[in-house]
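Some features that TrEMBL has for this protein:
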- 409-570: domain 'SSD' (DOMAIN)
- 410-429: transmembrane segment (TRANSMEM)
- 441-467: transmembrane segment (TRANSMEM)
- 473-495: transmembrane segment (TRANSMEM)
- 516-539: transmembrane segment (TRANSMEM)
- 551-573: transmembrane segment (TRANSMEM)
- 605-619: compositional bias 'Basic and acidic residues' (COMPBIAS)
- 734-755: transmembrane segment (TRANSMEM)
- 1011-1033: transmembrane segment (TRANSMEM)
- 1040-1059: transmembrane segment (TRANSMEM)
- 1065-1090: transmembrane segment (TRANSMEM)
- 1111-1130: transmembrane segment (TRANSMEM)
- 1136-1163: transmembrane segment (TRANSMEM)
- 1188-1201: compositional bias 'Basic residues' (COMPBIAS)
- 1240-1261: compositional bias 'Low complexity' (COMPBIAS)
Amino acid sequence: MRAGKRVRNESVDTELLTRTSWVDAGVAYKQIKKGKADGNTCALWLRWHLQKYLFKIGCFLQLHCGKVLFLGLLSLSLCCIGLKEAKIETNVENLWVEEDGRLEEELKYTRNTVGEGTGTTSQLVVQTPKRGTNILTVESFQYHLETLRKVSEIEIDLFEVTWKFHDICYLPEFPEFESSLDQIVAEILPCVIVTPLDCFWDGAKLLGPDHAVYADIGLPPIMWTNLDPIGMVSYFKRQYPTMTGVQAMEDMMNKSGISTGYLEKPCLDPHESQCPRTAPNHDSGQAPDIGAELTNGCHGFAAKYMHWHEDLIVGGVTKNKTGHIVRAEALQSIIQLMGHQSLYDYWTNHYKTHSIDWTPDKAKAVLEAWQRKFTEVVKSSANGSVADDIYAFSATSLTDIMKEFSSVSVIRITFGYILMLFYACVSLLRWNNAVQSQSGIGIAGVILVALSVAAGLGICSLLGIVFNASTTQIVPFLALGLGVDDMFLIAHTYSENAMNKHIPLADQTGACLKRTGVSVLLTSVTNMLAFFSASIIPIPALRAFSLQAGILTFFNLVSVLLLFPAICSWDLIRKDNKRVDIFCCFQSYADTKDTVIELQPRPQSEYDSRQNDREDRSPPRYSVHPPTYSPSPPPSYSSVVMHQTVAQTDADGAHATTNLAPSSTNLPANEGVFVARPTPLCSVCPSTTSSQQCLTPNDDITCKEKFAHLQRRCLSSTLTTIARNMYAPFLKKSYVKVFSVLAFIIFLSICTFGATKVKDGLDLTDVVPKDTHEYKFLEAQSEYFGFYNVYMITKDGFDYPNGQRLLTQYHRSFQRIGSIVKREDGSLPNFWLDLFRQWLQDLQKAYDTEILDGRISKDRWNGNASDNGILAFKLLAQTGDVDNPVDITRIPSSRLIDSEGIISPDGFYNYLTAWVSNDALAYASSQADFHPRPSTWYHDPQDFDYKVPKAQPLVYTQLPFYLTDQSNTEIIINTIKAIRDICDDFADKGLPNYPSGEPFTYWEQYIHLRFYLAIAILCVLMVTFVVLTIVLMNPWLASIIVVFLTMMVVELFGIMGLGDIKLSAVPAVILIVSVGIGVEFTVHVSVAFLTAIGSRNKRTTVSIQHTFAPVIHGAISTLLGIVMLVGAEFEFIVKYFFNVLACLVIIGVLNGLLLLPVVLSLLGPPGEVRPKDNPDRLATPSPQASPKPKKKPVRATRSSRRLYPRVPSDISLTTITEEPTQYSSHEIVVEPEVLVETTTVPIDGRGASNNSSTSTSRNNTPPDSMASTPKAHHVTRVKATATVKVEVHTPIPGSVENVDHDHIYKSKRRKLRELDSSDSDSSTKMRVIGTSIVVLMQYFVQKKSFIYDSTKQYSNWLCE
């Protein structure tokens, strides 16, 4: 048949009668309207119109396949260009902080008020012992010291500038005293390092400075190892009694606890030459009791403000009865660096940055470069003489881990896709038929889906949807899996249709889309809308994933529904040209059907001579011109009629059927006859079923032939044959159904229990690859310390001067948080208001003392007044009124702070300015970080200007706390909830506040994650239900599908709990994905069940037969796509991606192909079409009436025989329709049931008969294929008894030469009415008997040349 020409088939497709709405919903709809069946007309009407448009699209694609492919691939390629704009987001705040939520508002307030990169960042060093459990040894501490010294010596060259540790570390603020000491202090001011070494003199080695400071005052070169700060100030005071600021500096040091520095602390090695004589163990020469020194923590150089609690610096502690540390398992040091914004501000307008265009981004680059080198230095500091491990971790380490985790593994994705390509090639390969094989379209389909995934991601990039770990690790495999599922379904249907003789070649693609398009549309639209609806989740990472998954589903739908059918159409051309699969340049000369019969042109005389040697058992032969019959009864056909038969196998090799061979006299001269190949029949006969048999006795089959037979069976076996012959019958058994339901009830119960065991959280150790430096650090840090900095932020809108009591209560309320580090007496460390109050109390005390001593009067101070007394006098004169800022008259009656500790509200902001500038060390240690920052104002006792600048009202302050023992997510979440409760309570009391810190940024998402996950899944399920209900018009089936999807989510969630997989954003995404993947596993089976005709069991069997193969192929291909994740270096990817996705696919297969068919067979809804006469099939649709005859003169030929042109006419397996009206005077619709008995008689070359074998088969379908006989010819006697239901439609009389098919199509409705009316004019019983004879002859004869003449003779007799 020519590809471009469409020919009408007169016979009816079997699937049209048993899967009517699947094949053609319009036929089902019309049958219901005629009253021949019941059903869901609304659903059929909708599917009918969808199928009509899909059929037109398919025919268009087949006609223009090359153009469509070119334009489609070009469009997808252009979309891929958008990948150049792809951005991967690794900032946790931008990924997991709820959009427009409380935390986002808090972070936004912080950024807008303070700016990004302010404050400090912490770099951690953790040391643990390799052997034993006690790290409290001199060797371990010296190893720790040596590592930190190497860190303090790190230098980097960036932007043509050398950056040292001292250039970027956090330096405590120190007041300026306008004396020569300021320069010395600036050079020796150390970086802040929280370390257990501060308990010993050796800790001074970390403070520097890099080079000794020389002061021309008679002191030796100054280093912290020999510095006595208070002694140095006293020396200056004695040497230069008139030097200004010395007394103030001395007072500040005494108040800050800066005394003798480290000179009075024990030395780790008292025999060291530099160990000071003032060290407690210098004279004794004994090693210090390290545990006793670490008890209650250590102090920095400013003891009052730098107290390092023991929980911060030593872990795994064991104490004796007296509370002293006797054993420890870990040491920790914290190195403070400036934030990048603070670093930028510090070096702005400095000579060091004048020539490099200094920007915040460059400051950030400097910090990141130093932090990376810091990690490398600690890694390389291994000391073979010390059996300890030491690890480092910086802020950049976490960023680098997130970047590496979020990066796209091209190798992994490539290998996954290659595996999927290989599977698509193998699964669609037909080993025994290179022409009918479909490996090429399988490979092309996978490549097409991969290209559509890339194109979809490119569009997402252009739309500004950023990538993250979820999208880079899940989306490529998810989208490919969903797309390949639909591709396999279309390929499977395409393969079935290719073997269906009722579908013309020109309609193959249209018929394929007509059957599968609705199902593909349903699953894809459901998934697409489900993913889009899940984007209501306010978490950015989940929202981005949902949007990307929805867009990729749309691209897959377009590619699979438009471009892949074009590929199949191109493949049809290859098959039509008999070209080999994949290697289409080579043509195959083998028959496309695996038969052993050849039809070869032979001379008629040669065939007649062979026929004469056989027993004449052919039907009565007729001359060229039919004889004229007189009106008499028809001849008797009760006797057994003998015919020659030939056997033929189906294309799949699974069935063998026997047909009659035509008589030679009924064949034109140019027709071939059937001859046998020299190959023995037993070596190629594949039939093994009871109703199919070889024509050669079994005794002649050798082992070699049996092996060849078995090999052919294996090569011809497919998933479809397994489903039809084994799996579907297995599921129909009652005990299988009972066992399946009970097993799934038990499994669901276990999973429900497991769901209660799922814990929230995602530990950083899960994200970092094992056996890495970072993993070991995180493991040790989490086990021994669990240390985090948190801040309580107070905002604007609060009256700080008059709300001091509430602010103090707010601070004290955190006393009940057990994980907050406290002082030895159990109290909280002082916050800024406490330090501010203490400073004012000291000033007030000095003023009161000097008032009594007469050094200060009511209106002035004397020359012997102290600096503190004079400063108090000035502060008491502040009114807080900008118009009248100073009032000396109020000094006697005013106090800086009252008896209850309340600072005078009038002068609060004036006092604040003075405190920040003149007690800078206390302000720095408070980490208050006031915004707006009070202006700088240094007190000068010689200055008689009483006015102190008033600070602006505060809009941002910090209360710092240290959290410890935060070892797992559950503890952290409980701590977050407790802190949040306090913050919310005081917010209700009028103090606007919120917490800040890494625990809240990283872990607060888990507080509401379950709620948002439930909302997302609920939305997806609701959308799925609505879409299925609208498209299928069957809420019953939609409810069953939604229940199964819910079960799959619960089962997957339970497996997570049983597998110790914590609930975090990534498993939450996969749980949402499970609904989409579940749709692929359930909807195809459900739609196949709904569109089939028959009982629930039969419809279940039909659905399994037609969906088992594509569903299994889709599942295996998805598993192959993710199998490469097993080799990922991140255990998190294996545990949270591969394990969960693999479990999801397995759960989907078990639910979709095991439990769902069982439930449908028990509780499934009625079919869309329910015939009234026969519950297992639809009544045969009435054929079209004969068209109006058209006369056409017949050209005279040399032969007197009348020639009848041939038209295609196929005999249906279930329905026989009379030959076209050119050759028949009646249209006959038959539903036969035939009993066939065959007797095979081998005949040797002389015509002698040997033994015979007899078999009987009862069929509802006639044979449609052939097989050959061996060399020793066989004659098969056939006895056929038929029970026939006949409908005779009388056409317009006359001879018809040509058929106007267009006229037939246009007058279809009129013809149907004529056919209905003609049913009432039934023929006589004799006419029915004669017609039945004609039907039987058509039933057993394949070649039309045999029946034309005979049918004409009988028809003439019947008419007479």
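Just so you know, glycine gets a Cβ as well, placed from its N, Cα and C.
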Contact check, the transmembrane segment (473-495) vs the transmembrane segment (1065-1090), 3+ Cβ pairs under 8 Å, seq sep 6+: yes
Recorded stretch, among 516-539, 551-573, 734-755, 1065-1090, 1136-1163, maximising Cβ pairs under 8 Å relative to the transmembrane segment (441-467): 551-573
Cβ contacts under 8 Å made by the transmembrane segment (551-573) with residues that lie 6+ beyond its boundaries: 3, 57-58, 61-62, 65-66, 68-69, 72-73, 76, 79, 438, 440-441, 444-445, 448-449, 451-453, 455-457, 459-460, 463, 465, 475, 478-479, 482-483, 486-487, 490-491, 494, 498, 505, 508-509, 512-513, 517, 520-521, 524-525, 527-528, 531, 1076
Integer average pLDDT (0 to 100) for the domain 'SSD' (409-570): 83
Criterion met for the transmembrane segment (1011-1033) and the transmembrane segment (1065-1090) (at least three Cβ pairs under 8 Å): yes
Stretch contact, the transmembrane segment (1136-1163) with the transmembrane segment (516-539), Cβ-Cβ under 8 Å, 3+ pairs: no
Residues of the parent chain within Cβ reach of the transmembrane segment (410-429), under 8 Å, 6 or more residues beyond its termini: 437-439, 441-443, 445-447, 450, 476-477, 480, 484, 488, 491, 495, 581-582, 1113, 1116-1117, 1120-1125, 1127-1128
Stretch among 516-539, 734-755, 1111-1130 sharing the most Cβ pairs under 8 Å with the transmembrane segment (1065-1090): 516-539
Residues from the same chain, set at least six apart from the ends of the transmembrane segment (1111-1130), whose C-beta lies under 8 A from its own: 405, 409, 412-413, 415-417, 419-420, 422-424, 427, 446, 473, 477, 480-481, 484-485, 488-489, 492, 719, 767-769, 1077, 1080-1081, 1084-1085, 1137-1138, 1141-1142, 1145, 1148-1149, 1152-1153
